[in-house]
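Structure first, then comments.
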Amino acid sequence: MSTTKTTKMTVKTGSKGTSGRVVRVTGPVVDVEFPHGFVPELFNALNAKTTFSSLAKTLTLEVAQHLGDNLVRTISLQPTDGLVRGVEVTDTGNSISVPVGEGVKGHVFNALGYCLDEPGYGDEFEHWSIHRKPPSFEELEPRTEMLETGLKVVDLLTPYVRGGKIALFGGAGVGKTVLIQEMINRIARNFGGTSVFAGVGERTREGNDLWVELQEVNVLKDTALVFGQMDEPPGTRMRVALSALTMAEWFRDEASQDVLLFIDNIFRFTQAGSEVSTLLGRMPSAVGYQPTLADEMGELQERITSTRGRSITSMQAVYVPADDYTDPAPATTFAHLDATTELSRSVFAKGIFPAVDPLASSSTILDPGIVGEEHYRVAQEVIRILQRYKDLQDIIAILGIDELSEEDKQLVNRARRIERFLSQNMMAAEQFTGQPGSTVPVKETIDAFDRLCKGEFDHVPEQAFFLIGGLDDLTKKAESLGAKL
């Protein structure tokens, strides 16, 4: 019996400085041929020098696929205008890296780590790769702790987890970005923490407004900003969240700080991944999204976590396409969240800000074992009253409020006061309302809503509860309307 001897062919992966040449350009997708046996590894950054409109520029390409025959398919992180076949491409030998350290605070960077407000700044800093492994199971923090925000509706009904992942869901124009700006202000002013903001595929104007506003309220010095706005190629929009997360990881792991990571908007991360997937020729999955949607989302979300004594708390704005929560993009995000704050168009239409829907929002730590028995009891009573009010809406619309029982009439009046008391004057809206933002301690919030649910404020006019802070504000406004608490 004869035996056939098989031999393995070893392929030497690319090393730093190896040069190839462009053989195909299709929008942001660039195919590059390398010498035999010197193929760059996946996620390696390649540099291509080109000229467009008499200006020389260097493009950064990221290896996405090995096609065989010494060809790699890459995604460009800059516009490929002027790039032609035959252009020399150099393998850097490393993946994309960004500057880290205390020096990144107070500055704006792009996905590649280049400083936008001060060109050349940060080049000498230590750089970390944006592709990193999440902390091991042994490093994770087992303790669960509440993050106090000073916003009544959040602290009472959807308490945030320190080191958790929090999402702001909502359609277009209901206040997701404003609420994120509010949280940056509150964390910097009240807690002195470090914030990292990732602008993923949103409007350039919003980024500029945020930059100016953070300067005005003197919190820019504690915030690092990383932008990849909606006019950028999909490769940039897909990587900018990882760049910001890498900066946040340095503050957690090396500086032992609690960090807040803001991502606006996580849907654009998914959208960019879908565009890249299509460009790479992958078969689309449900509703046209990429087949690797859950994997890509998991790679990002698993790195956002608490290690022992240190945390990254993430707030992510999630655009909901056509207000459809069954869309795969928001649905995939749900699986990773500790708290959800849903911003509702119907609440927004009532002029209640922040426009949080208290019945649709939720938190995994609204549990008596974590927030305490009293907090849990008051929150459940508020939810019960608001749910009953919602159930009565059809009867009120058809027959009128006079047809309700005396008990239900009392409950409706109480629910309307609760709805208005859940609104609050915000720091981010001071220039529009002329009112300074207010911060309400959790204990005061619980006490105020407990008394409200028991009917102690039934005699106070509804408008006294609108856009105010705590009990002191309520007392002043009630007295101005001729009522006493």
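Every residue, even glycine, has its Cβ placed from backbone N, Cα and C.
Record features (Swiss-Prot):
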type	residues	note
REGION	1-20	region 'Disordered'
BINDING	G170, G171, A172, G173, V174, G175, K176, T177	ATP binding site
- Intrachain C-beta neighbours of G171 (ATP binding site), sequence separation six or more, cut-off 8 angstroms: Y319, V320, A322, D323, R345
- Task: Using the recorded ATP site (G170, G171, A172, G173, V174, G175, K176, T177) as reference, state which further residues of the same chain have their Cβ within 8 Å of the centre of those residues' Cβ atoms, listed in sequence order.
- Result: Y319, L343
- Query: List, in sequence order, the same-chain residues at least six positions removed whose CB sits under 8 Å from that of T177 (ATP binding site)?
  - Reply: E202, E206, D264, A317
- Task: List the residues of the same chain that sit at least 6 positions away from V174 (ATP binding site) in sequence and have their Cβ under 8 Å from its Cβ, in sequence order, or write 'none'.
- Result: L343, S344, R345, F348, A355
- Message: With Cβ-Cβ distance below 8 Å and at least 6 positions apart along the chain, what are the contacts of G175 (ATP binding site)? List them in sequence order.
- Response: L343, F348, F353, P354, A355
- Secondary structure of K176 (ATP binding site) (DSSP, helix/strand/coil): helix
- Message: Return the residues near A172 (ATP binding site) by Cβ distance under 8 Å, restricted to its own chain and a separation of at least 6 in sequence.
- Response: Y319
- Just name the most isolated of the binding-site residues G170, G173, going by other Cβ atoms within 10 Å of its Cβ. G173
